[in-house]
Amino acid sequence: MARKTKPLTDTEIKAAKPKDADYQLYDGDGLTLLIKSSGSKLWQFRYYRPLTKQRTKQSFGAYPAVSLSDARKLRAESKVLLAKDIDPQEHQKEQVRNSQEAKTNTFLLVAERWWNVKKTSVTEDYADDIWRSLERDIFPAIGDISITEIKAHTLVKAVQPVQARGALETVRRLCQRINEVMIYAQNTGLIDAVPSVNIGKAFEKPQKKNMPSIRPDQLPQLMHTMRTASISMSTRCLFMWQLLTITRPAEAAEARWDEIDFNASEWKIPAARMKMNRDHTVPLSDGALAILEMMKPLSGGREFIFPSRIKPNQPMNSQTVNAALKRAGLGGVLVSHGLRSIASTALNEEGFPPDVIEAALAHVDKNEVRRAYNRSDYLEQRRPMMQWWADLVKAADSGSIVLTHLSKIRLVG
C-alpha cells in the first residue's frame, strides 16, 4: 500500500528552517515546496510530460508571495491541462508568446504594416487619404485591440458612427480598407480566418452619384470664368494642364519634369502614380506643350512641374484646382475630376472610337478576357484626338465657339 502524503499547513511551512542542503516538503499530487539553504521557499510541481513521458518540474513562484492555496490552485490548473495531454509549461510559454504578439499585432500596427505595402502601388495622395480615414474613424475605436481578438461585430460597431453621420460612401471605403487589413493579417499568419468579409452588408449602400460636371458647349463660360478668376498663374496653368491632358487631379498635380519627353511630345506617367497601377503615356498637344513652356520659369528648375508655393520641393496639392473652381463660384457645379467628363463627352459626341477615348482616360477594361487580348494603348490614334480636344479648348477660350441656350452653367448628371 502506497504511503499517503500528508498535506502541508501554513504553520508547517512557516516553521520550516533552512539547512546546509536544500530539501523538500511534500503537499501531494506532485506539489512540493523547495526549502533552499539560502532561506528562500519555492513552489514546484512535478509531473510527466505528455509526449515524452519524461519527469520534469514546473515552478509556481516563491512562498509567501504565492500562498499555499495559490499553489494548490495552480497545481489543479496544470492537472486539468495534463488530462488533455497538454504540457503546462509549454502552455505557459505559448500564453507569453501570445501576449507579446498581441502587443505588437494590434489593429493599428498591423494596418500600418499593410499600408506600407499598399502605398507602393497607389498614388501618394490616395495613400494619404487611406491612412487619414483609418486614423480619423477606425483607430480610436479598435486601434489598440489585438488583431486576433477582432470579430465581425467589433468592426461593424467601429464603423457605425460613420454611418450615423450619413457618410455612406466613407462607410463603403472603410469596409473595403478594413477588409484589406484583415486579409493582410491572414496572409502573414496572424489570423486563420478573415472576419471582415461581409461587414459591408451590415450597412446601407450609398447612392452612386456622378461627379459634378458641365457640358462641352459650356466650355466658353468656364474658360472665361477661370481666366478672370483671382488665382495664381501656377494654379491657372495646372487647371489647363489637367483639362488638356484629361488626367486625374493627383496625376496632373504631381507631374515631374523627368516624365516629359519633349522630343516625342509625350508625358510618361509611371505605374506607381496611376490609379490602376499601369504606366500611362499622354500625347502632348500644342496647348499642353505651351503650358510646360510657361511653367519652366515658374517652377524654378525644381523636380515638380507644379511646385507648391509653401513647400517648393513638393508638388501642388491635388485639390488645388478643386479649390480654385469653388472660389470661382463653381462649387457644386463642377469639380476638378469633372474636367475629364467634359472631355469624354466632347470626344464621344465628335465620334472618336470609344476604345481610344477610354485609353486617353486611362480606364481599364472591366472585361478580363477582352483586356487580356486587347493590350493596345492606341497611342498613335490618341495624338490627333488630343490635338482636336486642345483646339476645342483653345476655341472656347477665345470665344470663337457660338453659344446656344447658355444662360448659366448648369449641373450635368
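Just so you know, glycine gets a Cβ as well, placed from its N, Cα and C.
In Swiss-Prot this protein carries:
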ACT_SITE  R248  active site
ACT_SITE  K275  active site
ACT_SITE  H337  active site
ACT_SITE  R340  active site
ACT_SITE  H363  active site
ACT_SITE  Y373  active site, O-(3'-phospho-DNA)-tyrosine intermediate
DOMAIN    105-186  domain 'Core-binding (CB)'
DOMAIN    209-386  domain 'Tyr recombinase'
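Under 8 Å, Cβ to Cβ, and six or more positions away along its own chain, K275 (active site) finds V122, T123, Y126, R248, E251, A362. Listed in sequence order, the residues of the same chain lying 6 or more apart from H363 (active site) and placing their CB within less than 8 Å of its CB are M276. K275 (active site) carries neither a helix nor a strand DSSP state and counts as coil.
In sequence order, I246, T247, R248, L361 make up the list of same-chain residues 6 or more apart from R340 (active site) whose Cβ falls under 8 Å from its Cβ. Ranked by Cβ neighbours within 10 A across all protein chains shown, the active-site residues R248, H337 are led by R248.
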